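Here's the structure, in structure tokens; my notes come after.
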Amino acid sequence: MATTHLDVCAVVPAAGFGRRMQTECPKQYLSIGNQTILEHSVHALLAHPRVKRVVIAISPGDSRFAQLPLANHPQITVVDGGEERADSVLAGLKAAGDAQWVLVHDAARPCLHQDDLARLLALSETSRTGGILAAPVRDTMKRAETGKNAIAHTVDRNGLWHALTPQFFPRELLHDCLTRALNEGATITDEASALEYCGFHPQLVEGRADNIKVTRPEDLALAEFYLTRTIHQENT
């Protein structure tokens, strides 16, 4: 069984563009304060002592990353990402060395709290399949009629969770599940869905709902608020 002293490698797929942000700059390179969103996301991972290395998968044509101080960080490895998220994660896993467990974290999710990360990492003591940070659905959920912006019915929210990141799995298991799912044409929306496809049932670790992913323009101000609040709390 895995123990807490095992080093962890994190993989950050950062090859996407994010057209919903309505900006020419990829969202991970937008700034909050004096750092990019990507830097906030990566530094939150490196703040935990078990995370010894972060592999960042960037677009082969990316000229922005090399301009960041992060590019010269001794714990950072950069690889070329792929067309899809799963391709980028696989590229990152190949560069993860002999790490037995890996975290996968969104490049545009800068508000990760250390207590959430610590509880997720504790799964290596109790689980053989790992798990994800997630938040219970609290809003009323509606399913739309096919092809229409009209309500078909209300979805029972009991047992529904919002999947967050990081997601935390044994490296070899995640590699094998992603490879099989891609080879068989399965729809993979996050890393956990690859394990689900292969018959595994990752754990849900309840995380904070303010661990948001910056996807739309209005998310940027919200992420800035959350980060500013966290910094203020840490300094008081």
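Cβ from N, Cα, C; glycine included.
What Swiss-Prot says about this one:
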SITE      Arg20  site 'Transition state stabilizer'
SITE      Lys27  site 'Transition state stabilizer'
SITE      Arg157  site 'Positions MEP for the nucleophilic attack'
SITE      Lys213  site 'Positions MEP for the nucleophilic attack'
Check your understanding: Just going by other Cβ atoms within 10 Å, which of the recorded sites Lys27, Arg157, Lys213 has the emptiest spot?
Key -> Arg157
Review point. Using DSSP, would you call Lys27 (site 'Transition state stabilizer') helix, strand or coil?
Key: helix
Review point. What is the interatomic distance between the Cα atoms of Lys213 (site 'Positions MEP for the nucleophilic attack') and Lys27 (site 'Transition state stabilizer'), given in whole Å?
Key: 10
